[in-house]
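Report on one structure; see the data block that follows.
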Amino acid sequence: MVPSDRDRVLAEAGVSRETAAALDLYVAQLTRWQAIKNLVGPATLPDVWTRHIADSLQLLDAAPQARTWLDLGSGAGIPGLILAIAGVRNRPDLRVDLVESNARKGAFLQETARLTGAPARIHVARIERVVAGFRGVDVVCARALAPLPQLIAWTAPLLKSGTIGLFPKGREAQSELTAAREKWTFVADVIPSRTDSSAGIVRISSLSDPLP
């Protein structure tokens with residue numbers, strides 16, 4: 001029997017039965033709320049386990065020691081809520097903060113975090129306001145939110161103080177890195193995506209002040 005996308009993703013991730021059940025609940029919530037609020041691209045919902053679950057889970061391996069995460073523009077909880085659901089079973093001290101300015105999407109995040117028991121705090125606010133009050137977070141991440149130069153501008157106070165940035169990108173990764181280097185000095189690498197051969201996770205660290 002050919003395994004389903006769900007079974008394959010869960011097997012590759014090596015999650016517990018409890019985590020699998022929590023991720024199933026997340027997918028059920030996403031499907032239910034999708035009819036009310038367009039949380040993800042409709043064409044991606046049939047491939048939710050690869051396009052969204054597996055694509056999010058690979059970020060855990062990009063920062064294996066991280067305990068505190070800040071997810072910007074979380075929307076449907078991708079990747080932040082998925083990371084919180086999956087990561088807490090192996091990392092009891094994990095904490096994920098999700099930032100989403102849309103109130104209805106924020107309501108989805110609140111309800112789904114409660115139902116799944118995810119260690120997530122939801123901030124229904126603008127990114128600039130939340131980032132200004134954060135220090136000491138291990139990782140800041142964002143998927144499908146903005147070009148890399150804008151992401152760096154939003155997160156500069158964190159990246160300059162030791163936080164690592166993890167930003168999934170598609171074919172535009174290298175061109176966005178080139179544009180960002182015209183404004184900032186930083187260390188970067190691109191981790192190949194496991195779910196899309198044309199995509200990668202841009203990892204940013206050691207940011208310094210903008211170039212003159």
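Using N, Cα and C of the backbone, Cβ positions are placed for all residues, glycine too.
Record features, source Swiss-Prot:
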| type | residues | note |
| --- | --- | --- |
| BINDING | GLY73, ILE127, GLU128, ARG143 | S-adenosyl-L-methionine binding site |
| task | Would you mind listing, in sequence order, the residues at least six apart from GLY73 (S-adenosyl-L-methionine binding site) in the same chain with a Cβ closer than 8 Å to its Cβ? | result | VAL99, GLU100, SER101, ILE127, ALA142, ARG143, ALA144, LEU145, ALA146
| Should ILE127 (S-adenosyl-L-methionine binding site) be counted as helix, strand, or coil on the basis of DSSP? | helix
| query | For the S-adenosyl-L-methionine site made of GLY73, ILE127, GLU128, ARG143, how many Å separate the two farthest Cα atoms? | reply | 17
| Lowest local Cβ density (other Cβ within 10 Å) among binding-site residues: ILE127, GLU128, ARG143 | GLU128
